[in-house]
Amino acid sequence: MEGCVAQSKWLAYCRLMRIDKPIGSLLLLWPTYWALWLAGGTAPGGKLLLVFTCGVFFMRAAGCVINDFADRHFDGHVKRTCQRPLPCGALSEREAKALFVLLVGLSFALVLTLNAMTIWLSVAALTLAWLYPFIKRFSHLPQVILGMAFGWSIPMAYAAVGESLPLSCWLLFAANICWTVAYDTQYAMVDRDDDLRIGIKSTAILFGRYDRLVIGLLQLATLLLLLWVGDLNQLQGAYYWGVLLAAVLFVYQQQLITRRARTSCFRAFMNNNYVGLILFLGILLAL
């Protein structure tokens, strides 16, 4: 019996960290890899690659924990989230806070192996990760904060590789914010009816019937900023093929969300993993 309880507790911790749903980690990983390769113009060293890869998974898990802690009184009223570990009682609030501290501690231990500039930037990363879950109580733009949080690994990567933050770094950061707001709005469209009922704010609610238009404009801005990054870094043809394929996927996503059906909006959101991967492969082949 004790073994079953321990196993259930372990599974609850895994679910709280979204180990069973790696899409969030991947959407955070691809921009990190874009920056690591672009910052040095070549493949990063093994140490940097290991530190940033592990850091992505630790901080994404920490972000999920603090998000669920912040939403613990709301998730039970939403169909998609009512079975999460905190609202269903599989884990206590104290256990969630302890896990958050552990994950942040592991992430900071990794950052301490890097230079001082990267360490200072990591403080902002933690602030953004903590701020995002609470912003949706007061603003319809939590997706913008999420975009900054998901993209903060970009200036950190540039700092770790070259101890500088050139224009291409901030253009890539801006592109990632536009992309993140676009795909997380698709994600928020899944929960829009529930969020309206319980008073949670999101860009999906803010944009209303113009949601598809705004998502399209954000996707266009993402592509234009990526083209600018390619020009500044004098990247070869493979990169631009990657941007073109990303544009094709954006068109496909627009088709998916036409009727705003929950399952189709979620499929559009999930499709963004391929966008990130294709762009990374384009960078890889262009350098």
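Cβ atoms here come from the backbone N, Cα and C positions, even for glycine.
The shown structure was predicted, so the numbers you read here are calculated from the model rather than taken from an experiment.
The transmembrane segment feature in Swiss-Prot is assigned to 23-43 (among others).
Among the features that Swiss-Prot reports, transmembrane segment is placed at 46-66 (among others), with the record citing sequence analysis.
The annotation transmembrane segment is assigned in Swiss-Prot to 99-119 (among others) on the grounds of sequence analysis. If you look at the transmembrane segment (99-119), the same-chain residues 6 or more away from its ends with a CB under 8 A from one of its CBs are 13, 16-17, 47-48, 51, 54-55, 58-59, 61-62, 65-66, 69, 126, 156, 159-160, 163.
The annotation transmembrane segment is assigned in Swiss-Prot to 141-161 (among others) on the grounds of sequence analysis. Residues 27-28, 31-32, 34-36, 39-40, 44, 48, 51-52, 55-56, 63, 114-115, 117-118, 121-122, 124-125, 128-129, 131-133, 135, 169-170, 172-173, 176-181, 184-185, 188, 201-203, 206 of the same chain lie 6 or more positions beyond the ends of the transmembrane segment (141-161) yet place their CB under 8 Å from a CB of it.
Outside the transmembrane segment (162-182) by six or more residues, the chain places 27, 31, 34-35, 38-40, 115, 117, 143-144, 146-148, 150-152, 154-155, 203, 215, 218-219, 221-222, 225-226, 228-229, 232-233, 272, 275 with a CB less than 8 A from a CB of the stretch. Annotated transmembrane segment per Swiss-Prot: 162-182 (among others), in sequence order, evidence recorded as sequence analysis.
Sequence-distant contacts of the transmembrane segment (213-233) (same chain, at least 6 residues past either end, Cβ-Cβ under 8 Å): 38, 41, 167-168, 171-172, 174-176, 178-179, 181-182, 185-186, 203, 207, 239-240, 243, 246-247, 250, 253-254, 257, 279, 286. What Swiss-Prot records for 213-233 (among others) is transmembrane segment, and it gives sequence analysis as the kind of evidence.
Among the features that Swiss-Prot reports, transmembrane segment is placed at 237-257 (among others).
Residues 23, 26-27, 29-31, 33-34, 37-38, 179, 183-184, 186-187, 190, 226, 230, 235-243, 245-246, 249-250, 252-253, 256-257 of the same chain, all 6+ positions outside the transmembrane segment (266-286), place their C-beta atoms under 8 angstroms from a C-beta of that stretch. Taken from Swiss-Prot, the feature transmembrane segment applies to 266-286 (among others).
Remote same-chain partners of the transmembrane segment (237-257), defined as residues 6 or more beyond its termini with a Cβ less than 8 Å from a stretch Cβ, comprise 186, 189, 211-212, 215-216, 219, 222-223, 226-227, 230, 264-265, 267-268, 271-272, 274-275, 278-286.
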